[in-house]
Amino acid sequence: MNSLYKRNCLRLLDFQTYEVKHIINVARILKSAKKNKREIKYLKNKKIVLIFEKESTRTRCAFEVAAFDQGANVTYLGPGSTHLGYKESIRDTARVLSRMYNGIQYRGHSHHAIETLAQYSEVPVWNGLTERFHPTQILADLLTIQETLPLRKCLSDIKFAYVGDVRNNIGYTLLEAAALFGFDLRLVSPSQFWPKLTFFLKCREQAQKNNGNIICTENIEDGVKNVDFIYSDVWISMGEPETKWKTHINLLKKYQVNSKMLNLTKNSNTKVLHCLPAFHDKDTIMGKKIIKNNNLKFGIEITNQVFESNSKIIFEQSENRLHTIKALMITSLTQNFFL
Ligand code: CP
Ligand code: NVA
């Protein structure tokens, strides 16, 4: 039997390395089948519920389009549209929804909430982002990276810098990815943003067993030297108070991904990744306000010039949300799914 059948995906360390590799391989095959108009529908008549307690563009659309492509139906429950957490407990909501649906996607605040949902659900629960982890994003990123690698190279061979707010869901999920695949991960930020020590040590130990390493450094030059990829994310995540912007910008402005940082890599092939949404210009109401209030010139966590010169891979990352989420749903909902 497919070992991923009926499994939750709350964080990457829910899986063994070979299982994540399998999801990525299935995603590759599904992507090519869709492009060649040869997609087989494995999820006919399945019903999926999408609970969003925070806003979303990519995650919601990826789950919905993946379901449509596969013949499944979805119900979208947006922020404030259910009794969840206010009049009804997560435990009861889980027991209701798992009598009606085959799978539950949850995007919310605390990671504890999704753990409770999964504990009381009888159907697979997929994490569409909590304040601690964002596994469906990193699955897409791993596929994107793999697509750029020459034939003889694999994920464990890469050198990778994550720059900025390391304590957020992207930073923590990248730590788990490095633990599973044993790549060289450098977390580059002021020490206030470094991960909790116990979590860092646990991930580093597993990464080292897999012949990789994880370091934290405040030194940009050491952190980005020779890396294949630099990854950036917003400096204030959804759900954090906007009052934190000033402090975060003051602490992190040296760590903006810009052409100076790319020169420090000493590697003309370094690619820049971003999970999006990104503050790289003044084209959004929020971006404009923050850029103006903080006397910034060229974007916040990344400059427009660096963003646009890496836009091909960045938008590939967002397309790959669709293929990897589809692979995740198929492998957890289909008992006899084999490649
Ligand atoms: N990257 C990501 O999760 O995007 P959304 O917030 O738009 O879903
Ligand atoms: N760290 C970001 C990721 C957005 C996809 C947030 O939680 O807002």
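From the backbone N, Cα and C atoms, a Cβ is placed for every residue, glycine too.
Of the listed candidates (Asn169, Asn295, Asn304), TrEMBL assigns Asn169 to the same L-ornithine site as Asp233, Ser237, Met238.
Going through Arg38, Arg107, Arg152 against TrEMBL, the one listed in the carbamoyl phosphate site together with Ser56, Thr57, Arg58, Thr59, His134, Pro135, Thr136, Gln137, Cys275, Leu276, Arg321 turns out to be Arg107. Sequence-distant contacts of Arg107 (carbamoyl phosphate binding site), defined as residues of its own chain at least six apart whose C-beta falls under 8 angstroms from its C-beta, comprise Ile51, Phe52, Glu53, Lys54, Ser56, Thr59, Asn127, Gly128, Leu129, Thr130.
Across the domain 'Aspartate/ornithine carbamoyltransferase carbamoyl-P binding' (7-147), DSSP classifies residues as 65 helix, 22 strand, 54 coil. Among the binding-site residues Asn169, Asp233, Ser237, Met238, the residue whose Cα lies closest in space to that of Pro135 (carbamoyl phosphate binding site) is Asn169. Take the Cα of Leu276 (carbamoyl phosphate binding site) and measure to each of the binding-site residues Asn169, Asp233, Ser237, Met238: the nearest one is Asp233. Sequence-distant contacts (6 or more apart, same chain, Cβ under 8 Å) of Asp233 (L-ornithine binding site) comprise Tyr162, Gly164, Asp165, Asn168, Ile170, Gly171, His274, Cys275, Glu301.
Cβ neighbour count for Leu276 (carbamoyl phosphate binding site) (all protein chains, 10 Å cutoff from its Cβ): 17.
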